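A short worksheet on the structure shown next.
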Amino acid sequence: MEPQQRSPLLEVKGNIELKRALAKAPSQLPLPGSRLKRGPDQMEEDLEPEKKRTRGLGTKVATSRPRATALTTVPQTQGQTAVPKVPRKTGPRCSTAVATVLKNQKPGPAVPAQKPGTTAAPPVVGRKKPSKRPAWDLKGQLCDLNAELKCCRERTQLLDQENQQLRNQLREAQQQATELGAERRTLEEELARMRAQAEQGQRELGNLSARVLELEERLGTQEGLVQELQKEQLELQEERRGLAARLEEQEGRLQASEAALSGSQAEVASLRQEAAAQAALLAKREERLHGLEMERRRLHNQLQELKGNVRVFCRVRPVLPGESTPPSGFLLFPSGPSGPSDPPTRLSLSRSDERRGTLSGAPAAPTRHDFSFDRVFPPGSGQDEVFEEISMLVQSALDGYPVCIFAYGQTGSGKTFTMEGGPGGDPQVEGLIPRALRHLFSVAQELSGQGWTYSFVASYVEIYNETVRDLLATGTRKGHGGECEIRRAGPGSEELTVTNARYVPVSCEREVEALLHLARQNRAVARTAQNERSSRSHSVFQLQISGEHAGRGLQCAAPLSLVDLAGSERLDPGLALGPGERERLRETQAINSSLSTLGLVIMALSNKESHVPYRNSKLTYLLQNSLGGSAKMLMFVNISPLEENVSESLNSLRFASKVNQCVIGTAQANRK
């Protein structure tokens, strides 16, 4: 009868128990393991001292040898022959001997199969004991040991083969377990998928049930809606009959409206003809208005020419707090031909010379100097009164005429106050520059209704020691005036520009105030004998005005130059100069040189000389286009009311009188 088929896992388990039983068997070798590892020669050397010791005594000493225990057998599994237990020994030689013994051993009687998990006591196999060799027969003992060692190696080899079979069975069992695990996971995934499909089916069933309920509700709603629509249809039919009646009524009214429309169309045609006539009249009036504007500009220019293309105004500043009041009669302002109502145009200044005297020893009478100008402003004149006199001249710049206004006089005579105004932003003390730009913006806004559009570009520079500096410079360029040079705008162009200077478009008063504030911070000033804070340079504010009439194709462009000249003081040759005074001396020399050049240029223009020395000074070269025959020029001569400044005041008045006598020709507008 064939044995019952067992699973690979049970076979592996039985093999593992067999291996553990073999490993626990005690060693049956006659010698310790350290001697088995040695060769026959080494063993013979180890026994040589004992042999000599026995011969010396003349007695035979019997050596003890361990008895070999009987081999045990293991139960047979699945028809295999039981493997006897062998002593536990490590090393390849022991394994080979054991394998040889197992190979030569005959199979014993069959043992009944045991249940899994139980181990039967292996029967003891008897072995014939070898005959005992005498102690001196070492060679025989060594042969026995070698034979037993060989048996152990054979048994070890047999155990290795059995171990390899067990490992193969274990590998197959593990592979089968892996396959079973993979199959189990596949079945679990299939089960999860089926459960998900079942849940999805349940959800779909629930959704369908809800959808059915919803559709049933909608069906009820639609049925109610159908009933309402049927009612509404009946109402609409009634309404349609009413609308049909109204339509007939409206058609009757439409016919009446068409008749009225025909009359209105005739009236519209009449109004269109009247509008065309009005447009033609408007065009004629616009043409006439343009002609009147051109005539106004011509008459305005003619009026300015009658007043003189070179005009000189004299302004006397008031006495400041802390200054001594001048004596009575020091400054007189005689009335005009028509009496006190006429604006004053003459100035009389008295000067007493202590070096002069009469024969009787009494002081000589003061010398009176009389001057006549286009207008004289006494100390009580305000800024608004001064600007009212020049407002028409400023407006000429909008008409395309170059205009130049500059203030001349000694330090502390009120030049900067006249041009820029006082500190604090008080509108009553605003200077000519902010008032002139406000006036230009206002007039340009009025002319925009006539088709004119204007643009304004401002620049502000100073000329210090014949060096041009940009007063509007900011950041790292601030104070680097040497980089600015006066150049032509282009080849063949008469327009002059300052390289590396800022040209800022302006369109309102606030932008102009910001530029003036920045320029005051950057201007070169110093303390002098006449003024605590004196301007030591010529400041030139230029506004380039460009106008265009797109409808008529007219263009005009002109600069407005507002100049605050540096103080005109004479040098004292006997003054001892220190390091600071030498710097003031160089500044004064440069100022007086440029002012002298300005006088020479004006005289050359008046005398119609072929050569005008514009290039002798940076000031006159920059103002070249504002001083020539096509320009209108106005000079303010500012004088001090103090008697101690009478010498400088006389010099300024005499220079202004020479300029007032000059006549430069008829100005020409820059139009295209």
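In case you wondered, yes, glycine gets a Cβ from its N, Cα and C as well.
If you look up TrEMBL, you'll see 24-68, 106-134, 325-371 marked as region 'Disordered'. Annotated coiled coil per TrEMBL: 149-309, in sequence order. If you look up TrEMBL, you'll see 309-662 marked as domain 'Kinesin motor'. As annotated by TrEMBL, compositional bias 'Low complexity' applies to 326-339. Per TrEMBL, ATP binding site is recorded for GLY409, GLN410, THR411, GLY412, SER413, GLY414, LYS415, THR416.
Here the Cβ of GLY409 (ATP binding site) has 29 other Cβ atoms within 10 Å, regardless of which shown protein chain they belong to. In this view, LYS415 (ATP binding site) is surrounded by 27 other Cβ atoms within 10 Å of its Cβ, with every protein chain counted. Within 10 Å of the C-beta atom of THR416 (ATP binding site) sit 24 other C-beta atoms, taking all shown protein chains into account. A simple Cβ count within 10 Å picks out one of the binding-site residues GLN410, THR411, SER413 as the most packed, and that one is SER413. In sequence order, ARG315, ARG317, ASN638 constitute the residues six or more apart from GLY414 (ATP binding site) in its chain with CB-CB distances below 8 Å.
Helix, strand and coil content of the compositional bias 'Low complexity' (326-339), in residues and according to DSSP, is 0 helix, 4 strand, 10 coil.
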